[in-house]
Structures are given as structure tokens and as C-alpha cells.
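Chemist: Please find one structure pasted underneath; my questions will follow.
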Amino acid sequence: MKNTVATLQQQKLDGDKITMLTAYDYSTAKLVDECGVNTILVGDSLGMVMLGYEDTISVTMEDMIHHTAAVTRGAKNALVVGDMPFMSYQTSVYDAVVNAGRLMKEGRCQAVKLEGGASVCPQIKAITEASIPVVAHIGLTPQSVNAFGGFKVQGKSEADARRLIEEAKAVEAAGAFAIVLECIPAKLAKLITESVSIPTIGIGAGADCDGQVLVYQDMLALFSDFKPKFVKHFANAGEVMKQGFTDYIKEVKEGTFPAAEHTFKIADDIINKLY
Ligand code: KIV
Ligand code: NA
């Protein structure tokens with residue numbers, strides 16, 4: 001059954017953990033969806049894991065629409081959330097609504113996500129009023145990497161922790177239906193989760209969030225540039241892929257691939273006439 005905004009809300013009430021994974025293409029979205037994940041995020045992390053940028057700053061609306069459309073074609077049951085890239089919503093409420101609308105109309109996602117707290121509440125309110133469900137994202141918001149001075153844990157000081165609690169309440173009041181909490185202390189994430197009635201989805205935010213999200217290349221060990229502390233390798237798919245690539249190279253060199261069963265036949269009398 002298709003997961004909706006209402007499904008996630010009910011999961012928070014039932015204490016049924018919400019599962020979210022990223023995907024950026026049709027084939028992966030299908031695999032993730034078939035495993036029964038509740039929601040798929042087409043993250044702007046695609047700039048790093050798919051396109052090889054060192055941060056998410058350069059990701060465009062065209063990138064996001066292109067990949068979101070591929071994912072929605074593969075996701076039957078998961079709720080698909082399209083990430084709004086840097087400068088697609090910060091510039092104005094008008095830009096935010098137009099670009100959220102493009103992600104939904106052209107990418108066919110069921111919700112959008114944007115980064116920030118109080119400063120983007122007018123955008124969250126306007127997008128929500130346009131009937132586009134919004135996931136908020138606070139804590140370590142990677143689009144602010146230059147303002148933060150690096151990818152760092154947020155909310156460790158009393159003032160920062162208080163600010164994050166207020167931001168969670170503010171984005172809820174603005175209409176967000178869920179909040180991603182990234183890289184904040186576990187006990188603070190628990191307090192925030194108890195302080196809002198919308199579900200929290202954590203990444204590097206401990207086990208007491210209403211749900212969890214990971215970038216699939218991180219959790220499958222497909223991305224080796226660096227490994228954040230919050231990442232667990234659930235499988236070593238990178239090794240499996242390398243083994244497959246290596247075996248292919250070897251068999252082609254040896255002439256053992258393709259074998260008879262991989263080839264097409266022609267009648268001997270026909271081929272003999274051609275010699
Ligand atoms: O872009 C992304 O993948 C994200 C998640 C890590 C929450 O925003
Ligand atoms: Na993101």
C-alpha cells in the first residue's frame with residue numbers, strides 16, 4: 001500500500017519506526033521500494049554520491065527533477081520526498097513555491113524537503129498552503145557548510161540546543177509534516193521528538209527519533225571518500241561490485257566470456273555459404 005503523509009503521522013502515534021533511505025535512480029528505487037521502506041528521499045546528497053562534488057552547493061533544480069522523476073517511476077509504495085537544492089528556496093517565498101511545484105509536477109514526488117528553521121518558515125508555510133507537503137531539516141544542514149565552517153555536530157551548547165528545540169517547534173507550526181534531525185546529540189533529538197507532534201527522522205541523531213534515514217551508498221559501503229560516525233555498513237556492496245567487475249575483466253581477457261549460452265546461433269549451411 002502507498003505510504004502517505006498520514007501513514008507517517010500514524011507511525012509516530014503507534015511508535016512504529018519510520019524507515020527512510022535515499023535513492024537517485026529507477027533501479028535502486030525499485031530495490032529499496034521492494035524491501036518495504038516507508039519513504040525514499042531523493043537527497044541533494046546526490047551531488048556528492050552520484051556526481052562527485054565535495055558538497056551539495058552545486059546541485060541544481062534540473063539535477064533534482066531529473067533524478068526525482070527516475071525514482072518516482074521506480075517507487076510503488078514508498079512516499080517519495082524530493083530535496084530542494086541550494087538557492088531554490090532561500091531567495092524568496094515565491095521561488096520556493098515555484099520550485100517545490102516543479103519538483104512535484106515534473107519529478108512527481110509526493111513531498112519536498114528543505115533545510116533550515118525559523119528563517120525558512122515563511123517558505124514552509126507557503127509551500128504547504130500550495131498543497132505540497134514539506135519535510136523540514138534542522139541540525140547539520142549541509143547547504144550551510146560554508147556558514148558552519150565544516151560538517152560539524154550541532155546543538156551541543158545550551159544556546160544551540162535551545163535554538164534547535166525552538167526551530168523544531170517553529171517548522172511544525174509553519175506546517176511541516178516531518179523533520180529530519182541531522183548530526184545532533186541523541187538526548188537532544190529525544191527531547192525534540194517529545195516536544196513536537198510531527199515525526200522526527202534522524203541521521204546521526206540517535207535511536208529515539210521517530211524514524212531513521214541513511215544515504216544508501218553510505219550504508220552499503222559504496223561510497224568510500226569518507227565515513228561519518230553515524231554510518232553503519234549493513235552490507236559491503238562496494239566489494240561485491242568490484243568482485244563482479246574484476247571477474248568480468250578477467251573472463252573477457254581469457255576468452256571465457258561470453259560462453260555458448262550467451263551467444264546467438266545461425267544455421268551452419270547459411271554461415272558456410274558466406275565463407
Ligand atoms: O540529501 C540527503 O541525502 C539528506 C539526508 C541525509 C537527510 O538530506
Ligand atoms: Na539533503
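Every residue, even glycine, has its Cβ placed from backbone N, Cα and C.
TrEMBL entries are annotated by machine, without manual review.
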Chemist: From Asp14, Asp16, Asp83, grab the residue that TrEMBL records in the same Mg(2+) site as Asp44, Glu115.
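Modeler: Record check against TrEMBL: Mg(2+) site with Asp44, Glu115, extra candidate from Asp14, Asp16, Asp83 is Asp83.
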Chemist: Compute the centroid of the Cβ atoms of Asp44, Asp83, Glu115, then list the same-chain residues not in that set whose Cβ lies within 8 Å of it, in sequence order, for the Mg(2+) site.
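Modeler: Output for this site, in sequence order: Gly43, Ser45, Thr56, Val59, Met84, Pro85, Phe86, Lys113, Leu114, His137, Pro142, Gln143.
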Chemist: Can you give me the Cα-Cα distance between Glu115 (Mg(2+) binding site) and Asp83 (3-methyl-2-oxobutanoate binding site) in Å, rounded to a whole number?
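Modeler: With distance taken Cα to Cα, Asp83 (3-methyl-2-oxobutanoate binding site) is 9 Å from Glu115 (Mg(2+) binding site).
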Chemist: From the binding-site residues listed here (Asp44, Ser45, Glu115), select those whose CB sits under 6 A from an atom of ligand 1.
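Modeler: Among Asp44, Ser45, Glu115, near ligand 1: Asp44, Ser45.
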